[in-house]
């Protein structure tokens, strides 16, 4: 009987982790930088193609390591230039990655989990339940796949991917270690060299991990707000029952202050017809956010089957935006992109092998975000 050796997947290793790996196989640490450039700058997954690495080391690497990204199931291109990749991860589920071109800017929307346990009522991902956390290699692998697809070299003036947003499937802060590792690779010059201001993590509000985030990484923060009061947010975003608005906004302010720079919080607000789109909601929002440096991104709801919600009229959207503008807020309305390939905000579904029944998901959220578990999870990043 033979046993196969589990190889180290180098794709998800940060620079310190890669250096430690080369230490472990008796090689000099500078080799880490050489290999990382081949992997992330040039999309190479074949050690034999790494021509500035000695043949002896290449043979050693082939025996103990690999470069393995998620499997690309499909790639679709929208009429507006938006691209969507469906990729299969180790759990067997599929997740989605979306690229949105806009002038000289190209934004990649990356998933952090297969499915999501938060069960936000207007999100198609949440309707599927939760299957698994993605590994660091599966998170950064989405950037790697997209970059290879464009044949683009990171950190060059004409690179395709200029911004990354952790706004795909899943709640990034409930996959803390792997998401933080992947974001470090996004910003590392040996990785993708993206500015910290151009890497954004979006959260529905896992308060203890927002506080933990500033200890480990400096990235832009976006809050999925979607309601201006606790009663409504409890219905739309169930985790609000555990971390209500006052607690949540205070944690966001602590995060922004900890960065030590003049930074603003991005507020994401999905507009739902006759639910949260009335002028009184805008007035409540003004009062809620009046002391918080922020910019507001209004997202007209993108319908999906059996959602139970509708997109507001253009007039209703404009009135809501104008009310916020008049109060002095910087407000934009997100243009729907990639709708013809189901790549618009809130439409990402993949093919998730659901491990949670719908009635159990809020319990799962409470367990996932229990303070003791979160503290242990944070400690593991050290």
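Our numbering is plain: 1 for the first residue shown, then up by one each step along the chain.
Cβ coordinates are placed from backbone N, Cα and C, and glycine is handled just like the others.
Pulled from Swiss-Prot:
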ACT_SITE  96  active site, proton acceptor
DOMAIN    102-342  domain 'Radical SAM core'
DISULFID  109-345  disulfide bond
BINDING   116, 120, 123  [4Fe-4S] cluster binding site
BINDING   170, 171, 202, 224, 225, 226, 302  S-adenosyl-L-methionine binding site
ACT_SITE  345  active site, S-methylcysteine intermediate
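Features as recorded by Swiss-Prot, highlighted on the structure.
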{"residue": "116", "record": "[4Fe-4S] cluster binding site", "Cβ contacts under 8 Å, 6 or more apart": "123, 125, 126, 128, 129, 130, 169, 170, 171"}
{"residue": "120", "record": "[4Fe-4S] cluster binding site", "Cβ contacts under 8 Å, 6 or more apart": "126, 204, 224, 226, 236, 237, 238"}
{"residue": "202", "record": "S-adenosyl-L-methionine binding site", "Cβ contacts under 8 Å, 6 or more apart": "165, 166, 167, 172, 222, 223, 224, 266, 268"}
{"residue": "225", "record": "S-adenosyl-L-methionine binding site", "Cβ contacts under 8 Å, 6 or more apart": "233, 267, 268, 269, 285"}
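Between the farthest pair of Cα atoms in the S-adenosyl-L-methionine binding residues (170, 171, 202, 224, 225, 226, 302), the distance is 19 Å.
Cβ neighbour count within 10 Å across all protein chains ranks 171 highest among the recorded positions 96, 171. Excluding the listed site residues 116, 120, 123, the same chain places 118, 119, 122, 124, 125, 126, 127, 171, 204 with Cβ atoms within 8 Å of the centre of the [4Fe-4S] cluster site Cβ atoms. In this structure the alpha carbons, written CA, of the residue listed as 'active site, proton acceptor' and residue 109 (disulfide bond) are 9 Å apart.
In this structure, the C-alpha atom of residue 302 (S-adenosyl-L-methionine binding site) lies 16 angstrom from that of residue 109 (disulfide bond). Of all the Cβ atoms in the protein chains shown, 31 others lie within 10 Å of the Cβ of residue 170 (S-adenosyl-L-methionine binding site).
In the structure as shown, the Cβ atom of residue 302 (S-adenosyl-L-methionine binding site) sits within 10 Å of 22 other Cβ atoms. A 10 Å cutoff on Cβ-Cβ distances gives residue 226 (S-adenosyl-L-methionine binding site) a total of 25 other Cβ atoms nearby, all chains included. Using a 10 Å radius centred on the Cβ of residue 109 (disulfide bond) and all shown protein chains, the other Cβ atoms total 26.
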